[in-house]
Amino acid sequence: MQITENTQDLDRDIDGYRLLKLLGRGDGSEIYLAQREGQQLPVAVKILPGQRAGDDLARFYVHAARIKRLQHSHIVSVRDYGTRDHFTYLVMDYMPNGNLRERHARGSLVPPATVIRYTQQLTQALSYLHRQQLIHRDLKPQNMLLNARNEVVLSDFGISVVSHSLDPIAPIQHDFEGTVIYCAPEQLLGRPRRASDQYALGVVVYEWLCGARPFTGAFDEMVEQHLHHMPPPLRSQNPSLSPLIEQVVMKSLAKSPEKRFPSVDDFAQALTWAIEQDLPEALPPPPETPRPELLRQFKRPGLF
């Protein structure tokens, strides 16, 4: 099958899944709305071009099976996977409300209370993923989908987790032109770890709170900035933010993984507390909101 914009020019049936329309492109792949024969529930089929053979094909099946076993309310479920002559594919739950890049266009400010909600939901997914000895490696607003209840669901494990895991740590194998904006220094050097996902989330939070990305420029310029330069302070971009919020986000963007928060959970808890101190009224705590007694943890030595 040739990857093509016109579904009339492709094999509209892939192992019992009927392709209905093209939903989008990214990272050399295409995603289609599809339906399984005899079923009404729509699914999304992600097609990864390129022929796989030998060890490469075996790796695909091992990692695809691992993704399929992931079960979390904030991670897109993979229902099926397979190969054809010139591509591999993943079948995932269809998320009807788009992604957070579509919801919040580049350059727009996201309300801090909304940032809390998004961050808490994403860190639940990332913490679960890290407990499975996996890292995402490609966090960005385009991979943060919205389900029917407008909850954030983490996606795009076709590129990230299928190719990479924590054991063993693999070198960078895909093009970072589209994602270098959110890429941690150690990941650019081929040494990703759990803290790399925290860094990427910190870049996204910076963008939401400031309406601007922490680093800009051509690909090589952004790599240089990630490796050697701290971003402009948040308050230079958005003076309405408190010094405490700035301190929390900048810590998540430390060049050294050891100088970031111990985990993405710690980052989310610190960010939630910092933002809530700045809100005009206390937020009614949703289930994910850190308990009040966790406040003492934020004051323990070394957390900031």
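One-based numbering along the chain as shown.
Positions of Cβ are set from backbone N, Cα and C atoms, glycine also.
Where the annotation comes from TrEMBL, it is an automatic prediction and has not been curated.
The region 'Disordered' annotation in TrEMBL falls on one of the ranges 155-179, 280-304, namely 280-304. The average pLDDT for the domain 'Protein kinase' (17-272) in the predicted structure is 87.
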